[in-house]
Amino acid sequence: MASNQECLLENGTSSEEEVHLGRTARQLSASALRKKSDPTLPNSVQNGHLRELLVNLQVVLLGTKLAVLLPTIPLSIFAVYYGFGKPWIFTLSLLALTLLAERISFLTEQISYYTGPTVGGLLNATFGNATELIIAISALSHGKVALLKYSLLGSVLSNLLLVLGTSLFCGGLANLRREQKFERRQANVNSLLLLLATFCHTLPMLLQYAGDSAATKDQTLQFSRAISILMLLSYIAFMFFQLWTHHGFFELQQVSEVDGDEDVEEEVAEIGFWSGFAWLFAVTAITALLSEYVVGTIEDASKSWGLSFSFLSLILVPILGNAAEHAGSIIFAFKNKLDISLGVSLGSATQVAMFVVPCCVVVAWIMGINMDLNFNLIETVSLALAVITTAFALQDGISHYVKGLVLIFCYIVIGICFFVFETPVDQLEAKITN
């Protein structure tokens, strides 16, 4: 523990307040499901290297309340090699990804203790939606652009409507006699970027009604690639805004946490710097493997369960993929800490819409796959309505349970829509260029 504190001092993080400021809302949210490891057994080992290994294993594998899902990782691999039914493989792999997504967040946070708040923020920007990005790349490698688009759209919708709505609803009920306020400036900036993302999705969708279908399709592809680059530049500008010029907008709640946190002693690095990188690489590799299983079995699971492909990839996959982060957001809403809840839901939605989606378009371009920003009519309208409804709900900086209830109902309406109606998959399938 002392060596970790020394490393923090060497890297310019000289006080517990700075450590708090380095933690993002999403990291604080994910930490709500973590538990303190008991060092008694590892400390009884005499060999130093073995003791360090046991401590790392205990912290990384068992330091979360989701450790009950740990057996699903070997079971998923076992199910593949012994020819289990694909619905079983899909279910086990998706549950395992729920645990791995939380562990990636934990390991990113551990590394950020040594790098300081700025680099820590950049790490979070890179790995914050690592699960979605890995599934997206896996889907691209299989040419399944339909799955890719639905899962990314589902991630944005679930964060804006389900996660934020449930947080506002539960927080409102738990604090009926107190007025719940949040940092409106943070919400306004994220809402503005989400409106920009909606703008960039709407125009490519409208182009298909503008002229000859063959010519328009190529124009839509070229247009999508161009504005994807602009979206990435916009996200870089947003990161500069968030981490340097206006970081106070996003750190206000974390400062209050320093003033009243009961568990300050827990907020130190639990594993070493290089150990964190090694574990992050290993967990990311396992996530990539299980993402391959999910991508390869989702269509068979859809047919076996009698659920539409769009409903499964738009609703189920995003919910389970970030369940730990979402649960943490709701827990903080109960504690009347809405800035953290908003930082999770809006921050994740903004990252997917403005970073992950355009990244996938650029990566598909490099791979020779035709992926555009046209998500089809119903999907694009659902995104636009979700963003506009959320922006209206957050415009006054005050929350109550009715706002959350409305957002939840909006999500249910979208879920029912895609349960009864499925956009033909072949409309979104990638065509590999020769």
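In case you wondered, yes, glycine gets a Cβ from its N, Cα and C as well.
Annotated in TrEMBL:
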- 1-14: compositional bias 'Polar residues' (COMPBIAS)
- 1-20: region 'Disordered' (REGION)
- 59-82: transmembrane segment (TRANSMEM)
- 87-244: domain 'Sodium/calcium exchanger membrane region' (DOMAIN)
- 88-107: transmembrane segment (TRANSMEM)
- 119-140: transmembrane segment (TRANSMEM)
- 152-176: transmembrane segment (TRANSMEM)
- 223-244: transmembrane segment (TRANSMEM)
- 271-291: transmembrane segment (TRANSMEM)
- 276-414: domain 'Sodium/calcium exchanger membrane region' (DOMAIN)
- 311-334: transmembrane segment (TRANSMEM)
- 346-367: transmembrane segment (TRANSMEM)
- 373-394: transmembrane segment (TRANSMEM)
- 401-421: transmembrane segment (TRANSMEM)
Notebook entry, point to check: Taking DSSP states H, G and I as helix and E and B as strand, how many residues of the domain 'Sodium/calcium exchanger membrane region' (276-414) are helix, strand and coil?
Noted result: 117 helix, 3 strand, 19 coil
Next item on the list: Count the CB pairs under 8 A between the transmembrane segment (346-367) and each of 59-82, 152-176, 223-244, 373-394, 401-421, then give me the winner.
Entry: 223-244
Next item on the list: Mark yes when the transmembrane segment (271-291) and the transmembrane segment (59-82) have three or more Cβ pairs under 8 Å (sequence separation 6 or more) and no when they do not.
Entry: yes
Margin query: What residues elsewhere in the chain lie close to the transmembrane segment (152-176), defined as a C-beta under 8 angstroms and at least 6 residues from its ends?
Written below: 129, 132, 136, 194, 313-315, 317-319, 321-322, 326, 329-330, 332-334, 336, 338, 341-342, 344-346, 348-349, 352-353, 356-357, 360, 375, 379, 382-383, 386-387, 389-390, 393, 399-408, 410-411, 414
